Amino acid sequence: MRFRSRHLIDLEVLGKNFKKLKTLCPNNKFIFMVKADAYGHGVIPIVRHSVTELGITEFGCASLGEALLLRDELFDLEFELYVFSDVQLDLEECAEIYLNRRIIPVISNNEDLDNILENTAFKRFPIFLKFNTGMNRLGLDMLDVDSITSKLKEKGRKSIHHLMTHFSSSSLSMKKNKKNIAQRENFSKIKEAFTSAGIEIENSSISNSGAIEQKVGLEETHVRPGLILYGPSSLLPQYSYLGHWTGEIISRLETYIIRFFNVKKGQPIGYGATPCPDDGVVAIIALGYGDGFSTRYIGARLKHKGKIGVVAGRVNMDMAQIFFKKGEVPDLEVGELFTVWDNDLEGFQKFSIETKTIPYEVFIHLTNRVPKIYC
Ligand SMILES: Cc1ncc(COP(=O)(O)O)c(C=O)c1O
């Protein structure tokens with residue numbers, strides 16, 4: 001465990017982001033996606049705060065294990081919990097968990113739908129259906145709408161509690177990209193087919209961050225934001241002009257300078273004896289790939305006291321080198337704080353572009369060795 005390097009998570013900023021989200025889509029309800037440990041921010045404090053302070057009541061996980069953890073740890077709170085992908089309804093014991101712990105599986109295939117409909121214990125359980133409208137990952141087949149309608153009717157079901165689909169390309173233009181246009185059209189057709197066959201659709205959702213940022217899919221009852229609530233935009237840089245998102249990153253990644261020293265151009269540094277690119281100063285920071293400071297971050301530029309340093313040489317398990325070129329060296333002190341990212345949206349987006357990662361991955365990379373501190 002690290003002592004001084006830390007991931008500081010500001011729950012007040014989460015609240016500010018949620019407020020901004022509500023101004024973007026004032027008429028929608030929210031399913032806050034908190035899979036992968038709330039995108040690396042610690043799912044328990046994030047959900048606790050979201051329920052008690054922000055009034056969010058619906059959350060999306062990827063797996064039953066994630067949902068169970070939330071039910072176990074937050075037994076004192078009331079909220080709805082949905083499992084999106086790793087539902088395992090084929091296992092008998094899982095069906096019981098869903099029933100007894102009020103966790104709702106999002107059904108994406110016919111076998112799981114049959115399991116639910118055939119099991120009388122699920123008779124009053126809300127039905128959540130996810131359709132494949134062109135993403136071709138999980139999802140019920142559009143061509144099965146008629147047979148699904150018959151099955152529902154046969155079992156006395158008059159409605160679908162929540163009907164949804166997921167975009168493959170919402171980080172691109174929602175209004176011009178052909179795949180996005182087709183997926184929206186397909187979803188409309190599915191809705192219409194159910195409705196005209198007499199199956200009521202109580203709730204529906206289609207939009208994750210990229211679509212919400214472009215104000216698309218807001219005619220549905222719900223939106224399903226993940227990334228934007230943690231701060232970053234989900235749009236690719238070339239489409240950022242289409243977005244309306246102005247959130248702040250909810251976290252800062254802080255470490256400190258263990259040591260710094262002068263270097264000459266060509267001088268070998270650390271593992272691999274990487275030659276120094278120029279004369280300057282190397283500062284050693286207390287973060288390495290063991291903390292989730294990825295080897296992909298080599299070459300990334302990080303600002304310290306107004307000067308730009310570059311992640312140089314190899315990233316080690318426990319440390320990394322930041323190189324400051326002669327003439328561009330800040331006043332350094334051993335033990336001083338070094339911030340990798342802070343609440344600034346632009347800086348964070350630049351970091352993920354430069355490191356050829358995606359914002360989702362930058363957060364999720366961080367390991368448990370870096371303590372999460374909530375404020
Ligand atoms: C079905 C579904 N809806 C919504 C989201 C949220 O996506 P984003 O983080 O891009 O908002 C995800 C995330 O992967 C998802 O799988």
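From the backbone N, Cα and C atoms, a Cβ is placed for every residue, glycine too.
Lifted from TrEMBL, the feature list:
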type	residues	note
BINDING	ARG137, MET317	substrate binding site
DOMAIN	250-375	domain 'Alanine racemase C-terminal'
MOD_RES	LYS35	N6-(pyridoxal phosphate)lysine
Euclidean distance between Cα atoms of ARG137 (substrate binding site) and LYS35 (N6-(pyridoxal phosphate)lysine), Å: 17
For ARG137 (substrate binding site): intrachain residues, at least 6 apart, with Cβ closer than 8 Å: HIS166, SER168
Summary of DSSP states over the domain 'Alanine racemase C-terminal' (250-375), given as helix, strand and coil counts: 26 helix, 47 strand, 53 coil
Residues near MET317 (substrate binding site) in space but at least six apart in sequence (CB under 8 A): GLY288, TYR289, GLY290
LYS35 (N6-(pyridoxal phosphate)lysine) CB neighbourhood, other CB atoms within 10 A: 20
Where ARG137 (substrate binding site) falls in three-state DSSP terms: coil
Secondary structure of the residue listed as 'N6-(pyridoxal phosphate)lysine' (DSSP, helix/strand/coil): helix
Across the domain 'Alanine racemase C-terminal' (250-375), average pLDDT on the 0 to 100 scale: 96
